[in-house]
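Written out below as structure tokens is the structure these notes cover.
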Amino acid sequence: MASSISYLFVTLILSIISLLACTSNAQLSPTFYATSCPNFQRIARDEMTKAVNRQPRNAASILRLFFHDCFVNGCDGSVLLDDTATFTGEKNAGPNRNSARGFEVIDAIKTRLEAACNATVSCADILAVAARDGVALLGGPTWTVPLGRRDARTASQSAANSQIPGPSSSLATLISMFAAKGLTAQDMTVLSGGHAIGFARCAAFRNRIYNDTNIDPAFATTRRTTCPATGGDANLAPLDQTPNRFDNSYYQNLVNRRGLLHSDQELFNGGSQDATVRGYSTNPASFARDFAAAMVKMGNISPLTGTDGEIRRNCRVVN
């Protein structure tokens, strides 16, 4: 009898421990705010629509912010934090300094959400939904965003400097850096298709248009007109010929050796991703489907959930 009671006691304790473990590792859910803030996604979509109508480039900027957020300690809103006298964030890391933008769009969404359901929706979730909406508003796919992320109280400039792939990355480096985040080579190739929209600064592609040999000569000549060999670092060029429309032109450009960034053209340069690029260049539906799935997968990188982190009231500062 005593051993039976002891067994039941141990079983109960193990069940409680298991339950607590599940709670602390809570899974994200599309219905997370269904009762606590039912208008969240409508408000986010409304503000993203205003932002994209004002400047279509905002969609690409928000998409890039989400990517840079998820690649540094997971999708936790850390990229949104401002530097202060006592806090060093990620905004001045090499991949973000003078190029990360769109923060005021997230601020606008957050301000409305604080009025509608204060201290409820995380900045990390706002960024995930806004990235999706920006893509959809420019004609790209939409997808169901799992929700329930919480916001980091910390950031890491050093991790931003070392873990976000740069525009001069080789194919091997790209594959390795995405693999470190649990993403496959195909995930990397389809997520690179985010360059279907937006612009890049001259500083990011100068070396490509002046020194790379796997580049269409006419394309290089065209890009040199606004990106001199010295100076003009902030001059912009479209990442593909339809920077305000989310389509598969990006992959068509790669096949024609017209990728703007060195890292873009690495995806189609006699390597392991050539067949994938060629497939997406001729099948926009396949690209759209796979991009949506890869965005959900990227959005699941190490989120803070349960009681970890916090719900920031201002996305730029910890509470």
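The backbone N, Cα and C atoms fix where each Cβ goes, and this holds for glycine too.
Per TrEMBL, the cysteine from Cys117, Cys123, Cys202 that shares a disulfide bond with Cys315 is Cys123. For Cys202, the disulfide partner named by TrEMBL from the candidate list Cys117, Cys227 is Cys227. Annotation in TrEMBL places Cys117 in a disulphide bond whose other cysteine, of Cys22, Cys37, is Cys37. Noted from TrEMBL: Cys75 is disulfide-bonded to Cys70, selected from Cys22, Cys70. Excluding Asp69, Val72, Gly74, Asp76, Ser78, Glu90 themselves, the residues of that chain whose CB lies within 8 A of the CB mean position for the Ca(2+) 1 site are, in sequence, His68, Cys70, Phe71, Asn73, Cys75, Gly77, Val79, Ala152, Ala155, Ser156, Ala160.
Taking the C-alpha positions, the distance from Gly74 (Ca(2+) 1 binding site) to His68 (active site, proton acceptor) comes to 9 Å. Cβ crowding, taken as the number of other Cβ atoms within 10 Å, peaks at Cys70 among the disulfide-bonded residues Cys70, Cys202, Cys315.
In this structure, the recorded positions under consideration are Val72, Cys117, and the one with the smallest number of other Cβ atoms within 10 Å of its Cβ is Cys117. Around the Cβ of Asp240 (Ca(2+) 2 binding site), the number of neighbouring Cβ atoms within 10 Å comes to 23. Looking at Val72 (Ca(2+) 1 binding site) and Asp240 (Ca(2+) 2 binding site), their Cα atoms lie 27 Å from each other. The residues near the Ca(2+) 2 site, meaning same-chain residues not in Asp240, Thr242, Asp247 whose C-beta sits within 8 angstroms of the mean position of the site's C-beta atoms, are Ala196, Ile197, Gln241, Pro243, Arg245, Phe246, Asn248, Ser249, Tyr250, in sequence order.
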